[in-house]
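**Student:** Heads up, here are the entries from Swiss-Prot:
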type: BINDING; residues: D494, D500; note: Mg(2+) binding site
type: COMPBIAS; residues: 737-749; note: compositional bias 'Basic residues'
type: COMPBIAS; residues: 763-780; note: compositional bias 'Low complexity'
type: DOMAIN; residues: 561-620; note: domain 'KH'
type: DOMAIN; residues: 630-697; note: domain 'S1 motif'
type: REGION; residues: 709-789; note: region 'Disordered'
Amino acid sequence: MFNLIRKSTEWGGKTLVLESGKIARQANGAVVVTYGGTTVLSTVVAGKAKEPVDFLPLTVQFVAKSYAVGKIPGGFLKREGKPSDRETLISRLIDRSIRPLFPSGFYDEVSIVCNLLSYDTVTPPEVTALIGATAALAISGVPFNGMVVGARVGYLLSEDKYLLNASADEMLSSSLDLFLSGNKDSVLMVESEASELSESQMLGAISFGHQNCQEVIKLIEEFREESGILPFGFIPHDITSLVDDIASSYTESFSIAYSNIVKKERVLELEKLRDQVLSDMLAKYEQPNGNLQCQYSSQDIISALKSFERSLVRSKIIETSSRIDGRAFNGIRDIEIEIDVLPKTHGSALFTRGNTQALVVTALGTPQDEQIVDDLDGDRRENFLLHYNFPPYAVGESAALRAPGRREIGHGKLAWKAIRYVLPEKSDFPYTIRVVSEITESDGSSSMATVCGASLALMDTGVPIKAPVAGIAMGLIKEGEKFIILSDILGDEDHLGDMDFKVAGTSSGITALQMDMKISGISIEVIEKSLLQAKDGRMHILDKMNLVIQESRECIKNHAPRIESIFINKDKIRNVIGSGGKNIREICEKTGARVEIMQDGTVMIYAINNDAVEYAKNMIMDIVSEPEIGKVFDGTVIEIVKFGAFVSFLGGKRGLIHISEIKNEHINAVGSVISVNDKVKVLVIGIDREYVQLSMRRVDQETGEPIDGELYNIRKTNSDSDDSFLSSGSVNNRHGSEKKRRGSGRSRRSSGGSSYHRDDLHNNGFGNGNRSFNDNRNGNEVPRKPRFF
């Protein structure tokens, strides 16, 4: 029933298996790839384009379902919705890797779906999916020039060792995360983030990855041979004569238009010329009988015009060594930089390079603002967000605003990779950071303008980044064996060239790299020269940025939120929260701050100003602090009793001011001096296992300073000892007769027992006229553990 084809090999320490003929047999090509414990079903379906087009309508979708890791989706519907950012990014990786290998002029619809069936959270799914897409194309019959394989490369800096398809845990210690795709002869696509690695280290990673792809390329070739399926015949429509006809009539006009360095004017001139060419060529090639059939269709004319323009610009650059805007090959456009351009934002920068402009804005938030990512590798929280927006007006188009597309997600992720390494550790800067790049003008390299603008905006905000980051986009014009590398490419140079090579980094090294090809790959030699030329351009841009701001501001702006983190004993968390959240609510209501308590005892305090942060911090520290003898605290009288007053202090702790410690002179009734809810300053003069002894008379109630600056060295006693303050001995004594308790108390007083040394009292000036804490001058007995404690 099944015509099963199976091939396998060992690659990167794991088994790689290709299978077809059993699943999804209605597709033009379907391959199940299992690499380690990760399985992907890749399918290819091709058909005629629904409408005449002059481009390849290729659609690539990577789909990751929760069942692949044995999970049920969250939410009400319990079903996957729109593609996640990770699915979108992997789809782009596959698309960018295979698109250059379709033959020129092939405009049939091609749909590739890579469905993640099983995931071991170890083997990179993007590697498995690209292998599956290539193998499915190989047996689909769709014209496809060669095999392309992807590899994920890591780098252990301490060991100078490259890693192939390492697990997520292994990549934690890696200084590099690079995904590369290549065919037998060249590299097609690179996407990476790094921790300030040198050009030679990055080049070594690319070379290492490309070499390791060869084994799998050979396996796919053997797999295709065993299937016996060959690509169906494709003969592109010959439009050579049409290209020559356009060139003979319009070369001068287009040369003049492309010489205009003002993009807006250049675009308008080119649009008029294109409309004229289309009109003239349709009229010229219309059949004599007057029907609408032409020897060449409008799509043929558009394709021929694109081919003509591409050849015109490329030949001008190569023959005259002059670019569209007159710059040298390594020239950088004029740069203008402004920071702090928006008054009420937490940080902002306007970065303009030629006709490309990015307005980048930062916002600071609390850990509650972190992005919760529901990923197959496990839920995680992101405290750094970077969003890239590309509105239609940036290129002079009239169109409705839409949700971020694949391109915007991809460009934002590249800038995120470029910036992430230089951000401070969360323990040093606990804010959630959001950076938004609004592209207000675009003429090439808007993602790298975002990188520069983000670095400037972060420094303007006061985020202590390790170093400024700049980015540059490189281009390539390749004719035969001759090639020219262009620095800081324009949009037209990107469109008509062969490569878009983006490099971002600090003065010390590369933090992100992305390479896309429009031809079937480039050699390691071209990549090396591109990296070195990009370094010169990056340094030039960093110099321009340093003229405006060299390092982060010392502090965040006044209108930015304040966050402070403190650590408390985990056992004290319940005290801070309080019964039913009473304490934490009181803190938030009184201070206006927001307080977050982590399980490890980290307390995050968020407020709009420093005063509120300090107020909340002091309230929390009062709750978790322990009273110390000799320390003065603010307290509130909560109860008046015959023998003294009970005071609440340190966030709810209770202490007793004996009547003898209220004033230096004799008082008949406590209520004649203080009342409930009175605010008092008290000195801790004794600590028991359960009780705290307080004094008012020894503290200046105005200044809060101990009288005469004296600190009392009072002995901390055990609550069960005979001379312990408010000690009743055993539990049985507590429940004895009142007569017995009073007798016991008088016995202690007559024996001179005290909760502190009498010698200490004498030494501290209490020997003459000053009475001990147990003194009975007011005729009151010292209570033995009151029941309401």
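Including glycine, each Cβ sits where the backbone N, Cα and C put it.
Any idea what these are sitting next to in the structure?
**Tutor:** Close to D500 (Mg(2+) binding site) in the fold, though at least 6 residues off in sequence, lie A473, M474, G475, I489, D494, Q514, M515, D516, each with a CB less than 8 Å from its CB.
Over the domain 'KH' (561-620), the average per-residue pLDDT in this prediction is 91.
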**Student:** If you draw a 10 Å sphere on the Cβ of D494 (Mg(2+) binding site), how many other Cβ atoms land inside?
**Tutor:** 18
**Student:** When DSSP is mapped onto helix/strand/coil, what comes out for D494 (Mg(2+) binding site)?
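**Tutor:** In three-state terms, D494 (Mg(2+) binding site) counts as helix.
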